[in-house]
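J.: Structure incoming, see below.
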Amino acid sequence: MATLADSAICFLLLSLLLIGACLVTPTEGRAKDDRRTRGRGSSSGVLSSSSSSSNNMNNGYYSGSSSTAGSSSGYVFTSSSAVNSGSTGYSGPMDSTGFCTRRRDMKLMCYCTPDENHVPVQKAECWVFSEGLHQNDTTWTRFYQQKRLRELKFVIQNNARLDYIPTMIIEPLKNLSSIVIEYSQVEIVKSYAFANLPFLERIILNNNHIMALDQDAFANHIRLRELNLEHNQIFEMDRYAFRNLPLCERLFLNNNNISTLHEGLFADMARLTFLNLAHNQINVLTSEIFRGLGNLNVLKLTRNNLNFIGDTVFAELWSLSELELDDNRIERISERALDGLNTLKTLNLRNNLLKKIDNGLLRGTPALLSINVQANKLETLTFYTFQPIMDNLVNSTSELLVSDNKFICDCRLQWIFELKNRTRHLQLRDSLEDLHCTLQEPKLSHFVDPVPPTILDVLNIGGFTAIGSNSASMGGVGNSVVGSSYSGLTMDDSRKHLGSRSRQALRGQRQFASSAENVVESKMRRRRKRQEEVKEKDLAAVAPAHKRYDYYDDNNGGMSLGHGLDLDDNLSLHKQGFYGAGSPVVGHNDVDVLMTSHSASGDALDILTTKNAIYIKLFLLKPEMLPCHDELSDPTELPLSRDLMDVRSNVGQDMSTAGANSLAQGMTIIVSLVALMMISRG
């Protein structure tokens, strides 16, 4: 009975609980319904208020083409309650002029895309025309309703001024992906100047007056891909100015006044692929500056103040393909400066002060296809310097630009001839053709056949030398006579050509002794009492020409010819005409010389002096006749045989070949052992 009583009590308690639940649930449901009803009413009120405000704003959200009707000033001030319903927090007067309205009296005028009524603006280019556009100017309130704006550009016009970044105006534009400010007077980019813009991908602040970047000036833009600060006056950047920019790919800092780069400045830009630091005042580079830039493809350092590139400066730039170091003051590059640049394809060292390229410099650049060393002070290029990339030069579409240096014509350049013959690409051949060098003590045997007329002029072949008393002599080369006929050539004409045409041929580099002209004239007039005509037929009969080291010998009583060399028939154009025994020789040629250098002593001036040199194209010389000097003691600078050009330049290929041979030998041994074991079992 007790058990039945207990069961009955439990049943009654459960019944009471169920009844209570049924009574409470409708009450709570009604309460929730009441709250939903009040919520809908509240929302309806807000929407009504917003709608009213929107009507009063005269298409503030949409683009417009005219100002508010009935308002001469174009401004309508709304109540602060309407503004407070937004997210700007602004509680002052509003400018209700259509966002894309354009009038001459406006401080700021925007060109919109699309520029249609009742269509949300996606892109706007705004021109500033006023010097008095302050941060609290009501003109800025026109931006508060442009929630869908994605691209915004400010261009400050002449006689206008904007010396701040309108952070308060930009911040509410949450959909903004691109912001551009050009030609402003902004001097400092302050911390978080573009904060709270989650979709921002591009910031361009070029052609402004920016001088400094504060800490966190561009921090925490996790979607930013391009930052352009070119053509400013930046000289100081905080170490953490670019903090937390994980997706940034392109950074432009060129055309500023940057002299120092903090270590780790770009450490938070791991995705950076393009970095332009050209046209600055940078004078020192360290490996820590480029720490973390393993994805960088292009590094431009053109026109800075660099004079030395140290070891492993670019060691962490594993993906670098283009390195621009032109227009600096680089005197030396360390042998290991380019170590680790396995993907480098373009190296520009044009217009520096390099006198030598270390043999091991290109050892770490096996993929290099283009190297420019124009306009330096290089005296030679050795085979061993370019051996690591020789396969590329011969077999790939490669470029080697070497013009405008101070190369010496000697045996160290012999390998250039073989490279020109073996490369498959016309562009490389053409660039090598432009290689000029200085040949000391030129001889006719140095030159290829047929010898160009300009070279003969330089060597005084077919030229003339007028001999005067007191060991005074005058030499002339090339273009010594005007016209093709020698008929009627007088002594006055000869003296005239000696004094003027020769100097023109030598481009002003040759100067006559002060007394030589008068002495020659007097001597020639005394020795010749009458004029003689030289016939064209007489000229044609004189051959071959001679190479002359002309000098005046008082003991012999006249001119002597030394070291005469006969020339080929192909040079018959160079004739000689004689005025008689002991008379000056006059040669005829219509081509100016390239370049010559001379030295003289006393009143005597000879066309070929003890030390003379010419600046000439390398490929006008015979490679086997290039002089070798005793001072070339470095074995890596000695000439190479043709066979050495066949040696593969890529050390890795040599190692792989050796490895393959070793593997083949090992496999042979293993096969032999297996065969012996099978035979023994049999």
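FYI, residue positions are counted from 1 along the chain as it appears here.
Every residue, even glycine, has its Cβ placed from backbone N, Cα and C.
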J.: What range among 61-94, 503-536 does Swiss-Prot describe as region 'Disordered'?
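T.: Result: 503-536 is the stretch Swiss-Prot calls region 'Disordered'.
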J.: Helix, strand, coil residue numbers for the repeat 'LRR 2' (173-196) per DSSP?
T.: 0 helix, 7 strand, 17 coil
J.: Over the span of the repeat 'LRR 5' (247-268), count residues by DSSP class, listing helix, strand and coil in order.
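T.: Taking each residue of the repeat 'LRR 5' (247-268) in turn, the totals are 0 helix, 3 strand, 19 coil.
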J.: What average pLDDT is reported by the model for the repeat 'LRR 3' (199-220)?
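T.: So the average pLDDT across the repeat 'LRR 3' (199-220) works out to 97.
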